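Have a look at the structure below before the remarks.
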Amino acid sequence: MKVLRVNLDEKSYDIVIQKDLKDYFGEYIKTVFDGKKVAIITDDNLNDIYGEAIKKNIENEGFEVEVISVTPGEKSKSFSILPGIYNKLLDFKLTRSDLIIALGGGVVGDLAGFVASTFLRGISFIQIPTSLLAQVDSSVGGKVAVDLERGKNLVGSFYHPQLVLIDPNMLGTLPEKYFNDGLGEVIKYGCIKSKELFEKLEGFKNKEDLKENIGEIIYECCNIKRELVENDEKDLGERMILNFGHTLGHAIEQIYNYETYSHGEAVAIGMNMISKIAEEKDLTKKGTAERIESLLKKYGLNTDVNIEDNGLAREAIKLDKKNLNGNLNVILLKDIGEGYIYNTTVEFFE
């Protein structure tokens, strides 16, 4: 078992990483929550696989549990879904002294966290991430949000969980496409902050070799994010480097209506494209983009998409949350493991 402490004064919490942790979720929940009712927000796929077993596991600790399930996919992270969830919580008579659990990938984590931050002006929640992307990235750091038609994560808040429970064995039920989704974010951590992690990923023989070491990889990624979040909770400084590849990535997701490319796949393409642009402008060490592209291809990730001459891309980039008063903070690399913030404008991409 590995435990990381995210130190944020009264908002501090633990990240617990352990194989087969799902058999002990109820016991861990009891260490941070002494209320009565627990509402689990999940999606239909995960509910079919884990819903009943996890519900019983938590009930065995004396809690009253209700499961609320949504349709899988990014389109559930919208305002149209919220009233139905709020009403189910009201029917369950959930109070501010009760608990919400986010059981799922990045979409469920963002959605359930946003619900927790807004229902009754905020109630406690716990993250139980089940996808690689959520385990290494989105479950840690307190960012919760829903999408608008004009872009991703445009309405949200910083709202930290009480606890993050990560069972790497739950990745065994994950379709390969969504494992790849998380690999995009894993590679990102190596790019921005850890040359050692990047070289470790280069050194694995293949994806199966990586999977055998996945607990260690999850820990390293969470530890990098923990450090960045502690130093810059509200994402106004160094934490921004976590958005490497995301400016173009979000634009790609939006252009393809969140259907063709998953978040991690789009970020992988964004990292590759931005590195090539930065090298051409002498803002990144020569050869860096080639190493990134090679590593992405090694793990079966897409590296390019044609968004040239597409006005939608420009509009999507304008809505990027790193676009402040017309100035766009783009995340670039000096070299592998050395991310930095570069202040520019949308014209950077033209």
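Cβ coordinates are placed from backbone N, Cα and C, and glycine is handled just like the others.
Lys152 (NAD(+) binding site): 25 other CB atoms within 10 A of its CB, across all protein chains. Positions annotated as NAD(+) binding site by Swiss-Prot, on the basis of sequence analysis: Gly106, Val107, Val108, Gly109, Asp110, Thr130, Ser131, Lys143, Lys152.
Swiss-Prot lists Glu185, His246, His263 with the feature Zn(2+) binding site.
The shortest Cα-Cα distance from Asp110 (NAD(+) binding site) to any of the binding-site residues (Glu185, His246, His263) is found for His263. On a Cα basis, Glu185 (Zn(2+) binding site) lies 17 Å away from Val108 (NAD(+) binding site).
Counting every protein chain shown, 26 other Cβ atoms lie within 10 Å of the Cβ of His246 (Zn(2+) binding site). For the pair formed by His263 (Zn(2+) binding site) and Ser131 (NAD(+) binding site), distance between Cα atoms is given as 12 Å, rounded to the nearest Å.
Considering only the binding-site residues Gly106, Ser131, Lys152, the residue whose Cα is spatially closest to the Cα of His246 (Zn(2+) binding site) is Lys152.
Under 8 Å, Cβ to Cβ, and six or more positions away along its own chain, Ser131 (NAD(+) binding site) finds Gly104, Gly105, Gly106, Leu171, Leu174, Tyr178, Asp181, Gly182.
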